[in-house]
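Everything below concerns the one structure shown next.
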């Protein structure tokens, strides 16, 4: 089996050969980040990659890797960086887009350092959905999706892991001015208004650039041929 670095050397770009733009999306379980990612995809053209969904798909495949992941999730433990990075890289490589939301990763400092070292990609910024634990617990118990990790004992383990492991990642990027904090306890529509304020400057900048190009084309004088002598 090759090392994660060997695998990564093939996957530092997208299917189109471009280096991807990556935004990390972090928040506690039940913070609503998955729902908001769907809105961002619809409005701003990003591809949503959920580390959790990729891991669950691997479990469903019945592979040896999948069994190991399942046992770790039951214990509320963090899945090894190598496993998650390989799944994310494969998804990026096979996608035609060059803008990605990576949801639920990195989950700890080791994840973060390994991702940046292996992929040579730093996130454009981190979108952090800040939500009180009581609200997240209520949402998780109410959603009834039949997920094995949606029982009260596992939920509380997941909260503990998030606080101990993921918050240092947020603090690291906060020190670099790269965290965009969203107050996620509000109704879905209100939360998305905050999200739009984060993404809108880029969208408006691109629109202004396009307008400028169009104006330049309109102002460019046409070349007239000199009359024949």
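The backbone N, Cα and C atoms fix where each Cβ goes, and this holds for glycine too.
Predicted automatically and left uncurated, TrEMBL annotations should be read as such.
Straight from TrEMBL, the features:
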| type | residues | note |
| --- | --- | --- |
| BINDING | 30, 31, 32, 33, 34, 35, 143, 186 | ATP binding site |
| BINDING | 56, 77, 78, 79, 104, 105, 106, 107, 147, 158 | ribonucleoside 5'-phosphate binding site |
| BINDING | 111 | CMP binding site |
Residue with minimal Cβ packing [other Cβ atoms within 10 Å] among the binding-site residues 30, 106: 30
Chain-internal residues, separated by at least six, CB under 8 A from residue 34 (ATP binding site): 50, 103
Among 33, 56, 143, 186 [binding-site residues], residue with fewest other Cβ within 10 Å: 143
Separation of alpha carbons, residue 104 (ribonucleoside 5'-phosphate binding site) and residue 30 (ATP binding site) (Å): 11
Nearest-integer angstrom distance between the alpha carbons (Cα) of residue 111 (CMP binding site) and residue 143 (ATP binding site): 28
Cα proximity to residue 32 (ATP binding site), best match among binding-site residues 56, 78, 104, 106: 104
Residue 186 (ATP binding site) versus binding-site residues 56, 78, 106 - nearest by Cα: 106
Spatial neighbours of residue 104 (ribonucleoside 5'-phosphate binding site), counting only the binding-site residues 31, 33, 35, 143 and Cα distances within 10 Å: 33
Lowest local Cβ density (other Cβ within 10 Å) among binding-site residues: 31, 35: 35
Between residue 56 (ribonucleoside 5'-phosphate binding site) and residue 35 (ATP binding site): CA-CA distance (Å): 18
Cβ contacts of residue 78 (ribonucleoside 5'-phosphate binding site) (under 8 Å, same chain, 6 or more positions away): 72, 107, 108, 111, 161, 165
Spatial separation of residue 143 (ATP binding site) from residue 56 (ribonucleoside 5'-phosphate binding site) - C-alpha basis, Å: 18
